[in-house]
Ligand code: GDP
Ligand code: MG
């Protein structure tokens, strides 16, 4: 059995959320922020970024060498990204839950990807948002995108 931490005592975490270029292009940046705030999380950093290849190579280090790596990086450079640091108890898991599954077609309705994305296969990168997947990833990614925070 996993140990349950009560909401009152769960540590406050930070996660990196990116509204990807498809989300910004489609005018969904505000909708993503609205959902994050409506859930009760706090915005602690927001910036519109035209990401360079070296930043994306470090951000997606786990995917370097995969066949979709270069198309993913090219897509992430296709327009501005809204980078956001979000704070709250269990926010790393919580935002992943708000985002939904990677494949937009399969993502549950009610999630950001489920409601707004339907890309799969070679276009699966067009899934509106990124969210850090662990405390270690969150710390690493926040340091990359918000060196001052
Ligand atoms: P996430 O944590 O749900 O964002 O998914 P991953 O960490 O596995 O992958 C990072 C991002 O790479 C995903 O959000 C997609 O944008 C993209 N991606 C993942 N798998 C594939 C794939 O098989 N093909 C392509 N073209 N893109 C992919
Ligand atoms: Mg991931």
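Cβ from N, Cα, C; glycine included.
Annotated in TrEMBL:
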- 130: active site, pros-phosphohistidine intermediate (ACT_SITE)
- 20, 68, 96, 102, 113, 127: ATP binding site (BINDING)
- 12-149: domain 'Nucleoside diphosphate kinase-like' (DOMAIN)
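Reduced to three states, the DSSP call for residue 20 (ATP binding site) is coil. Proximity of the binding-site residues 68, 96, 113 to ligand 1, judged by a Cβ distance under 6 angstroms to any of its atoms, singles out 68 in sequence order. The recorded positions under consideration are 20, 96, 130. Their Cβ neighbour counts within 10 Å are lowest for 96. In this structure the alpha carbons, written CA, of residue 113 (ATP binding site) and the residue listed as 'active site, pros-phosphohistidine intermediate' are 10 Å apart. In this structure the alpha carbons, written CA, of residue 102 (ATP binding site) and the residue listed as 'active site, pros-phosphohistidine intermediate' are 9 Å apart. Between the binding-site residues 102, 127, 127 has the most other Cβ atoms inside 10 Å of its own Cβ, all protein chains included. In the domain 'Nucleoside diphosphate kinase-like' (12-149), helix, strand and coil residues by DSSP number 62 helix, 30 strand, 46 coil.
There are 24 other CB atoms within 10 A of the CB of residue 113 (ATP binding site), with all protein chains counted.
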